[in-house]
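Per TrEMBL, the features are:
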- ASP111, HIS113, ASP205: divalent metal cation binding site (BINDING)
- 81-258: domain 'Histone deacetylase' (DOMAIN)
- 289-309: region 'Disordered' (REGION)
Amino acid sequence: MATGGNSLPSPSCADDKKRRVCYYYDPGIDRIHFGKEHVMMPARVAMAHSLIGVYGMLGDMCRLRTRPATEAEIRRYHSPDASGFCYVNDIVLAINELLDCFRRVIYVDIDAHHGDGVQEAFVDSNLVMTLSFHRYDTKGCRKWFFPGSGDVDEIGKDTGRYYSLNVPLDAGVGDDEYHKLFKPVVGKAMEVFQPEAIVLQCGADSLSGDRLGGMELSVRGHAECVSYLRSFNLPLLLLGGGGYTINHVASTWCYETAVAIGKERELPDEIPRHGYELFYENQGNKLHYRTSPAPASKKSSNTAETTKGKVLEHLSEIKAAPRVQFQKRRGNAAGVDNGDL
């Protein structure tokens, strides 16, 4: 196995730099099953890995396998309570590790559900900015799309006031409307906060055709978020998230891996034979699948502009990026095995 991998310049990004991309995968993921009635299917990760392999991208990355976390490592941040499909808040654990090496970290969440657990962890911190784009529906006064949080006026508290940002969206939002909000808001957040590292949670339940999400992003529209954040040329941690139509999840995460290494235009739309092709029959064995259009979002352009204006107003309250002094921990790969994947 190669000990390192350099990505190619991405045609969809503003940068022309090669980037080293590390890829983490545990082959045991496909042995995890929550029961046939459960919508969370870990097999989607194995499907994405297989698709990434058949498209020939594994050789472009440094492939790593993580060891199991110790109880002490999990306890670095954790409450005993689970929420949704999340028991261990691995995102918060990862951000805490990054804070040992970087002064400021921005967390961007494009899952259909509000990133409430990460927001709660850093709600009073000005060293981590959380920015969640999520479906937020109400019927009268009753919030009914899980978890029911993430209003635009949830902005953090104490030292962390204005560092928790939320962009609530109606069901049915598609690529154009989404990016009219995403790029101006993220761009301003990057300008004001000046992070040294980025964490992007690529929840795939915001895709068109998801069993739970009710949103209408295409594969390219979803991946455009990866491309945009990659263009800032900062250390970028890409994470999975929700996603309950597993063939759509695998297609998207495969394509977003191509964006990360700069090979997205080299991927043929026809999915090659690789052992999982039967799962893709209902999308015509195409990477960029099409679904029947859902009812359009009822949110008017004026409402979307109001939401954007409020978030940008919150960002304007941040006068300068917070500065901290610390001694950076020596970089190492402790506990990480270089395994053939």
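Here the Cβ of each residue, glycine as well, is placed from N, Cα and C on the backbone.
Proximity of ASP205 (divalent metal cation binding site) to non-local residues of its own chain (separation of 6 or more, Cβ distance below 8 Å) is seen for ASP111, ALA112, HIS113, LEU212, GLY213, MET215, GLY241, GLY242, GLY243, TYR244, given in sequence order. The sparsest Cβ neighbourhood within 10 Å, among the listed binding-site residues (ASP111, HIS113), is found at ASP111.
Each residue in ALA112, HIS134, ARG135, GLY203, SER206, LEU212, GLY213, GLY241, GLY242, GLY243 lies on the same chain as ASP111, HIS113, ASP205 and has a C-beta within 8 Å of the C-beta centroid of that divalent metal cation site, without being one of the site residues. Following the DSSP three-state reduction, the secondary structure of HIS113 (divalent metal cation binding site) is coil.
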